[in-house]
Amino acid sequence: MGCVFGREAATTTTAEAKQAKSSKASSGVVVVGESSVTKSNGVIADDVEKKKNEEANGDKERKSSKGDRRRSTKPNPRLSNPSKHWRGEQVAAGWPSWLSDACGEALNGWVPRKADTFEKIDKIGQGTYSNVYKAKDMLTGKIVALKKVRFDNLEPESVKFMAREILVLRRLDHPNVVKLEGLVTSRMSCSLYLVFQYMDHDLAGLASSPVVKFSESEVKCLMRQLISGLEHCHSRGVLHRDIKGSNLLIDDGGVLKIADFGLATIFDPNHKRPMTSRVVTLWYRAPELLLGATDYGVGIDLWSAGCILAELLAGRPIMPGRTEVEQLHKIYKLCGSPSEDYWKKGKFTHGAIYKPREPYKRSIRETFKDFPPSSLPLIDALLSIEPEDRQTASAALKSEFFTSEPYACEPADLPKYPPSKEIDAKRRDEETRRQRAASKAQGDGARKNRHRDRSNRALPAPEANAELQSNVDRRRLITHANAKSKSEKFPPPHQDGGAMGVPLGASQHIDPTFIPRDMVPSFTSSSFNFSKDEPPTQVQTWSGPLGHPITGVSRKKKDNTKSSKGKRAVVA
């Protein structure tokens, strides 16, 4: 093919231009501005002229996605202000501007789903900030879980809290961590649905079922998956901050996934910042959080994991406190009271209030003496008062508990159970209460022995997150004013001295106030029997006098407690 020469526009007439254009078109050449480029090989005809222009004007060339070379005379908006570019693309794709501002790059590559493409089947979970539904994806036919995040308005604090879960989930990718599959948004309202894989069970629902009894190898299988998921979270700089049974989901294949990252946060151990201590459900809350620490790390998740391990082996929660004072008391009696150095180096806002008068001796090995011997060192480490002594998730996976026989079974080898979640246990208990109330209304005043088993044990409810305390208090006041509401009524934590109460949407089988104040569980061979020859024995449950739902003391002694009303609880 012959050479193509450039020409000066000033010396070329209109007729000559037309003639040149027609001749070049027939020879496969296209004119672009002042340059001619061949279609076949993209050779630039007037390179010399371009170089002169570049020297004169200082313009720079950039290569486009099509391979052409063009001059750029304006700053690239993508490079000068990438956040504006992303926001524009996201809004054009259908994302609400308030969500784009809050989540930034986390939305890149996604397209918002519409609510009418899902069909709700059943409500499967409820919390302080969200409801979870079983739903069908009408586009794929797949069963999914929809988590509806509730927030009253588009205040920056509310939106930031909601967006944090999305940002955290986009950081994580592990078989034992729930995966965010999509988002359902609305341009007209402050509603947002998070789309997850549907899971048939949660650990709290299975553990509370009277027909479920985990063997040692099954406990190892579940705990190995839990700690593996935590190891991944911590390696990605994520603290979960609410590890408990109802947040550990299990599918039909026995795979456990850590879920509900609503209280999770991103942390950097090399650049620490103050964080709220009002996290983690009370029964699984580490002592440093109860004492008001704002400088903490992975140890709070490992403490919760230790509580879960002991609970699976014992068949019930090991420290079911009702208030922060009582929870600390139970921790001191089981794990021992902190040393003097602990109080000196720790910056605790409540240290002076909750410091015990007399030191407590650590009694984990004595209390859990009937547990499998290989489990005791791991429980002892995870339930250390000093956060540093809890080590790491990686160290826990290398402990004797996982490297000794019987080894952990494979997830697929776990028994198959009918779908069971914490909310199912709550519904069963509510139905039992309704039947009791109906019998009482019909004049059935005869006292009946109440059969109590693991399905009727109390489950803790999460306390409010301090970062959204104003919104939570507002919901509580509205609930209290609505006489027709079926929700539990309770005072804000900062008004009741940190009492656990019964938060909105809490799942529990019986009111924790029915548990006598001085009750301390005893973990004997009846709690966990790992003999190969004998079947597991029945779990012991409390059958003593019931406490009054308000005063928390025995009904028989109700009249004698008026003089002690209002006295402050003190850790002895």
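Glycine residues also receive a Cβ, built from the backbone N, Cα and C atoms like all the rest.
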> Say Swiss-Prot lists ILE124, GLY125, GLN126, GLY127, THR128, TYR129, SER130, ASN131, VAL132 as binding ATP: which of LYS142, LYS147, LYS160 is in the same site, per that record?
Replying inline: LYS147
> Including all protein chains shown, what's the count of other C-beta atoms within 10 A of the C-beta of SER130 (ATP binding site)?
Replying inline: 21
> CB neighbours of THR128 (ATP binding site) within 10 A?
Replying inline: 21
> Roughly how many angstrom lie between the C-alpha atoms of ILE124 (ATP binding site) and ASP242 (active site, proton acceptor)?
Replying inline: 19
> In whole Å, how far is ASP242 (active site, proton acceptor) from THR128 (ATP binding site) when you measure between their Cα atoms?
Replying inline: 13
> What does DSSP call ILE124 (ATP binding site) in the simple three-state scheme?
Replying inline: strand
